[in-house]
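Noted in TrEMBL for the protein shown:
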| type | residues | note |
| --- | --- | --- |
| DOMAIN | 10-219 | domain 'Phosphoenolpyruvate carboxykinase GTP-utilising N-terminal' |
| BINDING | R70, Y198, G199, G200, S249, N364, S365, R366 | substrate binding site |
| BINDING | K207, H227, D278 | Mn(2+) binding site |
| DOMAIN | 223-578 | domain 'Phosphoenolpyruvate carboxykinase C-terminal P-loop' |
| BINDING | A250, C251, G252, K253, T254, N255, R366, R397, F490, G491, E492, N493 | GTP binding site |
| ACT_SITE | C251 | active site |
Amino acid sequence: MTSKLEVLARWVDQIAATTRPAKIHWCDGSDAEYHALVQQMLHTGDLIELNQQTHPGCYLHRSHPSDVARVEHLTFVCTEHEEDAGPNNHWMAPADAHAKIDALFEGCMEGRTMYVIPYCMGPIDSPLSRCGVEITDSPYVVVNMRTMTRMGAAALARIEREGHFVKGLHSTGELDPERRFIMHFPEELTIKSYGSGYGGNALLGKKCHALRLGSFQARREGWLAEHMLIVGIENPQGQTHYVAAAFPSACGKTNLAMLIPPEGYRKNGWRVWTIGDDICWMRPGEDGRLYAINPEAGFFGVAPGTSASSNPNALTSISHDTIFTNVAVTADNQPWWEGLPGTPVTDWQGRPYDPANGPAAHPNSRFTVSAKQCPTWSSKAEDAQGVPISAIVFGGRRPSLLPLVMEAQDWTHGVLMGAAMGSETTAAATGAVGVLRRDSMAMKPFCGYHYGDYFKHWLSFDKPGAKLPKIFHVNWFRKGRDGKFLWPGFGENLRVLEWMIARVEGKARGVETPIGTVPATGELKLEGLDLPRDTLAELINIDPAGWQTELQAIGEYLDSFGDRLPARLRQEQQRVHQALQMPRKAANA
Ligand code: OXD
Ligand code: MN
């Protein structure tokens with residue numbers, strides 16, 4: 001082993017001395033390795049074969065019923081100074097955190113195999129990509145990491161060239177919620193995760209590396225690591241604009257990333273290209289624009305709600321070579337979840353399906369699939385330079401107040417829109433569902449440092465020579481008085497994206513309001529959509545009294561970040577608040 005890999009070899013030896021595995025397996029990422037691991041897991045029952053006629057290469061994994069989602073209350077950012085982790089994270093002193101979790105790792109791999117997974121987040125040749133090594137005792141983690149990252153020999157070669165990497169240590173342990181921690185040490189570029197086999201807690205390349213440590217690395221190095229999908233919108237003239245969009249977990253990022261244009265748009269030649277559905281790394285290019293890569297190579301998508309009407313591209317992607325986690329199965333052994341046709345016979349826990357036990361598939365059941373299986377996958381996802389971003393979109397589940405779409409006046413206002421983002425909670429994390437919480441840039445569970453410093457970092461991109469994307473805020477989830485959604489969503493969201501692109505190209509006038517620019521009458525193309533005019537008016541209506549209360553609440557929220565909150569952001573909030581107090585024309589006049 002050459003000298004640069006000695007650091008890695010020494011670390012692996014040291015972990016082996018603590019965890020005491022029976023065997024060490026260095027993962028090469030080959031097909032043969034993948035198939036051997038699948039066979040082994042079929043034998044142990046970690047995987048269950050699904051109907052190979054209808055779903056070739058598809059398998060089901062059932063996790064422990066207490067281990068089905070991310071566990072934010074057990075997730076820690078362990079910076080030397082508590083202040084650096086910020087009020088947005090749980091903090092533990094690094095020495096205490098190491099001691100606590102190392103005690104759990106002691107001897108935990110006895111009699112088992114320890115897998116060493118070298119991986120690269122992002123295209124293997126991209127200067128923006130970053131490498132890591134995950135050590136785990138879970139073969140399920142290995143096969144998922146193979147789909148979700150560029151894993152194996154090529155990543156190892158890059159690590160050897162660069163000589164540095166993020167260190168991730170994981171063990172499923174006893175799957176005891178009392179002995180479960182996800183610890184991040186950003187200053188040491190180290191992750192330690194014990195006691196959970198669930199994706200976000202165990203596939204360390206994803207949330208732990210690409211977002212929590214990634215955001216920390218990004219701030220140091222002058223780029224952004226964000227919880228965003230990346231989608232390309234090609235117009236009938238063949239020009240493609242790339243849009244990066246942040247929504248909290250389980251708010252439809254995967255659906256938007258794989259959107260199917262409404263029929264009229266398809267006929268006219270509009271196309272949609274998928275680059276990523278969850279994470280986006282962006283940095284300024286030489287021309288001043290922001291260029292983005294998707295650090296992931298696969299989708300770890302929420303299964304329930306994925307259907308022929310909501311996301312046919314996802315459904316096609318997962319018709320073969322997919323690992324399903326915690327879905328139900330039908331009588332002929334096909335994967336099943338709420339929203340699909342057919343009938344479940346066995347629920348996600350392997351019990352005969354009984355509606356009295358709740359949904360057949362766990363609400364946070366997932367599929368893991370290679371991005372290349374998506375019919376709209378774009379080869380630009382492999383572009384080492386990334387794709388230029390024309391628009392950044394923020395959004396959340398807001399049943400009222402927030403209009404369908406609004407555009408920020410400038411970058412600072414856009415950062416305020418992102419910081420003020422709020423959403424109803426979903427099943428992607430444990431805890432109550434349907435409660436409104438602020439989730440700045442959809443990064444509340446993922447920002448690896450103080451939110452005040454993070455906002456400052458965002459603001460810092462606005463400098464001479466920068467050609468920054470326009471920033472928008474959308475709300476697909478506004479409800480009418482009858483409690484029903486006002487906007488049909490899904491493919492129809494392209495109409496809103498078209499308006500944004502028209503704004504980017506200077507082809508739509510919009511109507512300025514104190515909270516942002518909304519579409520002028522006739523600018524949102526509604527042909528072929530049965531949407532009454534007053535529903536549209538309601539969707540973009542701005543309620544000044546409601547917004548005054550909202551701005552007040554945003555101010556209080558910003559104040560919770562204390563001294564580290566950039567004054568510019570608080571001034572921006574005051575500017576908007578004051579503008580709301582001035583008399584103005586009706587937004588949708
Ligand atoms: C995810 C999440 O799994 O955000 O992507 O929870
Ligand atoms: Mn996510």
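Note that Cβ sites are derived from N, Cα and C of the backbone, with glycine treated the same way.
Here the residue listed as 'active site' is compared against the binding-site residues G200, K207, R366, and the shortest C-alpha distance is to R366. In sequence order, the binding-site residues near S249 (substrate binding site) (Cα within 10 Å of its Cα) are H227, D278, drawn from H227, D278, F490.
Among the binding-site residues S249, A250, D278, residues whose Cβ is positioned under 6 Å from ligand 1 are identified as S249, D278. Predicted-model confidence for the domain 'Phosphoenolpyruvate carboxykinase C-terminal P-loop' (223-578) is 95, expressed as mean pLDDT. Less than 6 Å separates the Cβ from ligand 2 in the case of S249, drawn from the binding-site residues R70, G199, S249, A250, T254 in sequence order. The Cβ of R366 (substrate binding site) has G199, F300, G301, V302, A303, F324, T325, N326 as same-chain neighbours under 8 Å, each 6 or more residues away in sequence. In this structure the C-alpha atoms belonging to N364 (substrate binding site) and A250 (GTP binding site) are separated by 8 Å. Fewest other C-beta atoms within 10 angstroms, among the binding-site residues D278, E492, are seen around E492.
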